[in-house]
Amino acid sequence: MIDRRRQAALLLCSCATAVLGQSLTTSGPVPTFVTRYAPLMYLASTEEYFPSHLQTHLDNTTPGEWDDSTNSSSAVSGAPSSLTLANLDQSELSTAFVYLNARPSELTVPTSAWLNSTYGKPNSAGMSAAETIIILVDASEEHVAGTIDAYYFYFYSYNLGPYVFGERFGNHVGDWENSMIRFVNGVPQAVFYSAHDDGDAYTFDTVNQSNSRPIGYIAMGSHANYPTPGSHNISQAIGQLLTDYTDSGTLWDVAANYQAFWFSGSNDSPNFTVADGSTFDPGFLYYIGKWGDHALPESNPAQSDLFGYQKWTDGPTGPRDKTLLRQAMCYQNCPTNTVLPTLSSAAVTPVGSSTPTGSSVSQFTFSLMAHRLLTASVRAVQGTVGPTNSSHARVRRFGMADTIQLVLSATAEQASDGAALAGARKKNSSRARRVDQQAMTDSLGASSKAQYKLSATLQGHTADVRSTCAPRSDLIISCSRDSTARTWTRTPGSATAWEPHCLFQGAHEGFVNAVSFVHAKHADGQDVLLTSGQDAIIYGWPIPSSSGSETEAKYALIGHSNNVCCLDVGSDGRIISGSWDSTAKIWINFELHCTLSGHEQAVWAVLAISASENKGTEAVLTASADKMIRLFTGSKPSSASVTFKGHTQPVRALARIPEHPDMFASGSNDGSIRLWNLEGDAIADLGGHDSFVYSLDVLPDSGDLLSGGEDRNVKVWSADDGELLQTITVPAVSVWSVSALPNGDIAAGSSDGILRVFTRDTARLASEEELQNFDASVSSIAINSASVGDVKKQDLPEASEALRAPGRKEGQVIMVKTSSGSVEAHQWRNAAQSWQKVGEVVDAVGSGRKQLYKGEEYDYVFDVDVKEGSPPLKLPFNSTQNPYTVAQKFLTDNELPPDYLDEVVRFIERNSGAVSLGNSAPAANPYNDSASSAPDSEALLPHKTPLTFTSANLAALRTKLIAFNDDLRTASSAYALDDSDLDKLENLTSTLQGTPTVLPANAAASASTIVPKLLQWPVDKRFPAIDLVRITSCHGPAEAWLSRLLENLKIDSSASAKDQETNAMLALRSLANYFATPKGKTIMIKNAVTILNGLYRIGEAQLSRTGYLALATVILNFSVLAVMRDLDKTSGTQLIDLTQKALTRQEGEAVYRGLVALGNVLLSPNVTSSLSSSTLTQARASAQKAASRLPEPRIKAVAAEIAQLTL
């Protein structure tokens, strides 16, 4: 057996002189800049095949040699019995005819867990368990002196090809992709993104970046790399049907876990040397065979071919086959681009993996076209057929070749003259098959519809208009937080005027959140208005025929136990309701029929589907705050038949697509609108809203989709291709509801209490004066700068220049600087080919100014709309606070359901623009992670697990440390870090990014060198240093740091109060984290007296609210030592006194932790033995006082347990 590495080394040694095309640097450590500027990659949100361990892949494959003459694979003679990274370089495997075959064959049925590699899905910190393979090439002679090409290779055990006509093309076992960054003297110059046969390159300053790291997007299934999210055409051969899809799904920091190698030699005779610190044997890099099975032969019935693209293809070759030594950035000498690709505004990203999506005119068009074309074709051939499982099944029944011919014929004819697609035929079939010609024309035709403009403004409500419906073109129904519902009728003889019809009030206690309409034929001959609200009751009101008549509720539907926030009435008369009680209910003839259970949180949207609309079976769709959509089928379903997963935040809206009864749309707080079929497949994802999507409806005349949301926009989406046709901005904070009128007009209810009607019909347009007034009110609205990010006037373009350039897509918003110095927001209108001013950006409330609330100063005091049924409430917030702590208190103070914790946190983060120190991107939820104080069982005492503060944004922290260090260097400070120290900082933070259980020796050595320096930085620059200690303490605490941490708990007259509060809070969090490791516990036990003394001397004015929470956590963690008998009695008096200090606070969480600490101490005889009975009695009494002062259930529960303790 010949070792190929030794063979390559001998070849290199035989060369007497350097050969052009060989690299220079061949060994050593990975340069810091290679990891500092490493790409940040986003895996698609619907990815099923994640980064894989190379060895796991080898463990599940067997080398085989392919014989073209027999179209079969045979065992490789002399091959090792088991493959390893080290033995892949054996000569027996060094042939291009060797393939790594899956065991058993997974090519056509990829079901094994090792192919999915779910272990490789990056965690919340962006780290994947699968290693990135970094290959470093000194390309000085190929490019310019000092050039290093850093390749970042990503391996996946399975590649899932894109859909075309219901089939995936390009599937194979094994998948290598890569990005490359070219550095010159350590400075990044350009980035390459691999995609299929080659890829594209861009100058470094062109690509999107985060903290100077380039961002990339990994396509769903194929894993091709792209610089932008969206749809990416792979081939022009068949009308752009082969398309990759990317989005901002799961973040992968490819430098968080890697193995690195130096390349030397030439492309034909490479040599690989392990970089310092890496452990993988480089043998696998010499393997020249394929990393997966051979393609299925054409004779295999499972194989198919489409314009040269096979369904099942060869596995790929490895990194050595990628022309590692090159002059250009790409394999095939592509140019280096200076402009990112512009994606079509109509680009719609299909989500999910089991839905046949493709793209002819667009991939959305094909999804709808498949429903029309394929169903019609099946009917033409087979007559009336029974229901199929999915459109995928229809494709198979009709036949791949048939489908291709039909669509190609249709597309060619449409492209040539836009005529109707009459007479499309399958030319190669013995039987002609007719096509639903009008449906094809509708699908492929471009939209040329008129734009919506204001028709009427309906004023009467005194608070937010929360829900609307429009059963007739001359009747609109609305409800409001003013506790009323109203009907509005069109003024007789007028095309634009509306007038109040009837007022419905007096029945509900609290806010009215939802309305719907029961047709007279289902309600004893009289139309009935349904209302629901905060009192958990649904009322039915007969609608009087005459205006101004008295109204009285005739029906009261009682059954829900909490706020009823949504209603829908099916065409069969069934009433569906959804509630905060996590259920939906079906009512027939105004009586409860059944309850639909299964959701874990509030049901926020319901949709009735009648039997006539669903192949003879009635159904109900429900959407929830638990991010799920559920389908219940049958008359009295006991459970959901299908669960739809895909949204990343609560789902707020549902709408049926009448033209396609087996399809519906959903809108979510994640800002997306998704299209689904009833089998559970996701069809497409429409991205256009910048915030929560609250409402959806479908226009009856065109089938276009309507949406409304918190970005104060109504959007109209084309039914033909998913293109965003129009964005209508209203002068309000939120558009709560949109409803389509039968005549094609739109009714929109918003947070300003106004109901507006928009129309495409020129006969129903408002007067010119009203239109001008509406535009003026939109343009004059003030936009909080916090809601649009960090607006820097000096970096904005001048309005006079920027507004002359056309926009890229409908609804695009830009910020411009006017000649007067103000900042304006303008939105692009495709129809008018012009920019419309939609607001003026003003300073956020918290931008350097304080607001008073209940006698205290805050950076922000928000008016918060908390979902259905809650009035606008005051939410005070300081930028240094943990948003989760603030949100929890807000919900508790206002007696709101805990389901809304995440939503309130997102509101704070979106509107404050502030990041809580130590809890960044996003803030850790102390109620769901290691900082949680939620009990694991009914008994709360004793509590034996320390609480910690582990959330971290190390990239941001590192950036801040480097920025402050630059300031100190400029000031020639003795505590500034030198270049060697900065390398140690990089090493430490990179190691911490991987969240090690125990800090490795090299990282611990780095910490011991730089932390003492950092902790002596000036007070106003010390907070990131202490935050680094906080994070490091979870993995490798040091006793030497304690004295410096305790210094931050003392009053410093030279420092500002704000700096002292921040530093003290972070120091306390650091101390809390010492308890996370055995080493740290030992340090805390040894120094308990000193630390407890330091805690006791903290002054009342030194700590913020978050500081007190951190203090209570340290006290709690010391009590854990006590209850575990690790703390001796000398600490008893200090600890019991500190628990009393925590119980005097107003913050519920701090008091709760103080109570648990007290309970632990009282259960620790080794500590209580030194305390007098009067001290113990007084301590127990203080617990009861705290429970009386803050009667939260959890506080009362702990206090009750303490009261039962025997002292």
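Sequential numbering from 1, following the chain as shown.
Glycine is no exception: its Cβ is also placed from the backbone N, Cα and C atoms.
Keep in mind that TrEMBL annotations are predicted by a computer and have not been checked by a curator.
Feature annotation from TrEMBL assigns signal peptide to 1-21. The region 'Disordered' annotation in TrEMBL covers 56-77, 421-444. The feature repeat 'WD' is assigned by TrEMBL to 557-587, 644-679, 686-727. Annotated domain 'PFU' per TrEMBL: 827-922, in sequence order. As annotated by TrEMBL, domain 'PUL' applies to 939-1205.
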| query | Taking DSSP states H, G and I as helix and E and B as strand, how many residues of the repeat 'WD' (557-587) are helix, strand and coil? | reply | 0 helix, 17 strand, 14 coil
| task | Could you tell me how many residues in the region 'Disordered' (56-77) are helical, how many are strand and how many are coil under DSSP? | result | 4 helix, 11 strand, 7 coil
| request: Would you mind splitting the repeat 'WD' (686-727) into helix, strand and coil residue counts from DSSP? | output: 0 helix, 22 strand, 20 coil
| said: Within the repeat 'WD' (557-587), what mean pLDDT does the predicted structure show? | reply: 93
| Same-chain residue ranges lying at least 6 outside the region 'Disordered' (56-77) that approach it to Cβ under 8 Å | 83-85, 88, 92-93, 95, 97-103, 112, 114, 117, 155, 157, 173-174, 289, 291-294, 297, 299
| task | Write out how many residues of the repeat 'WD' (644-679) are helix, how many strand and how many coil, based on DSSP. | result | 0 helix, 19 strand, 17 coil
